[in-house]
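Undergrad: Quick paste of what TrEMBL says about this protein:
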- 23-41: transmembrane segment (TRANSMEM)
- 48-68: transmembrane segment (TRANSMEM)
- 74-95: transmembrane segment (TRANSMEM)
- 102-122: transmembrane segment (TRANSMEM)
- 128-145: transmembrane segment (TRANSMEM)
- 152-171: transmembrane segment (TRANSMEM)
- 191-209: transmembrane segment (TRANSMEM)
């Protein structure tokens, strides 16, 4: 992996006087984790429980990574592994809802996307394997569109716009962070990514939780 490396290159000045290195980003991820934990604790054991659990792990580890930076690639590697856990948990939920065999062409496409993601992960920077993970995630939503909760189905375009905004902000950090911190050294620019991430995970989780609550 080259270039932009999580969490070291995220655009929030390191706090050298406390034990939390990027407190603003950590706090927002903590709030997001608490929101997902609420849905998790109110969901019966099953596919949806595992989806919420994987998202909770993702946000908790994301929060931890902003609290404490560990030298090397271990935090980027772990986030990438948990991202697969989220994707596979989503697949499990949607597959169980559909009760249909997977289309062979979609299987080939998904396998190709995984290989593309692994290539980006091992040979490129975070900037490149973020979109491959997003494409894996969105491909499941589009393939299983009819199985999505009504709230999510009706607002899928908004969810996609949210993702594009997040990626745009990531690109902005990669190319403009140094200049932004020179002008405003104490402003935690990375919180904009975290706020949109909070909105994404909260809305996504609520959509599935709401549908499940009605069924119960």
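Note: Cβ is positioned from N, Cα and C throughout, glycine not excepted.
Owing to the predicted nature of the structure, the values given are computational and were not obtained by experimental measurement.
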Undergrad: Under 8 Å between C-beta atoms and at least six residues away from its ends: which parts of the chain pack against the transmembrane segment (191-209)?
TA: 10, 12, 24-25, 28-29, 31-32, 35-36, 39, 42-43, 48, 51-52, 55, 59, 93, 148-149, 151-152, 155, 159, 162-163, 165-166, 169-170, 173
Undergrad: Select the range from 23-41, 74-95, 128-145 that forms the most Cβ-Cβ pairs under 8 Å with the transmembrane segment (102-122).
TA: 128-145
Undergrad: Can you tell me which recorded stretch out of 48-68, 74-95, 128-145 has the most Cβ pairs within less than 8 Å of the transmembrane segment (23-41)?
TA: 48-68
Undergrad: Taking a Cβ cut-off under 8 Å, which residues six or more beyond the ends of the transmembrane segment (48-68) line up next to it in the same chain?
TA: 6-7, 10, 12, 19-23, 25-26, 29-30, 32-33, 36-37, 39-40, 75, 78-79, 82-83, 85-86, 88-90, 92-93, 201, 204-205, 208-209, 212
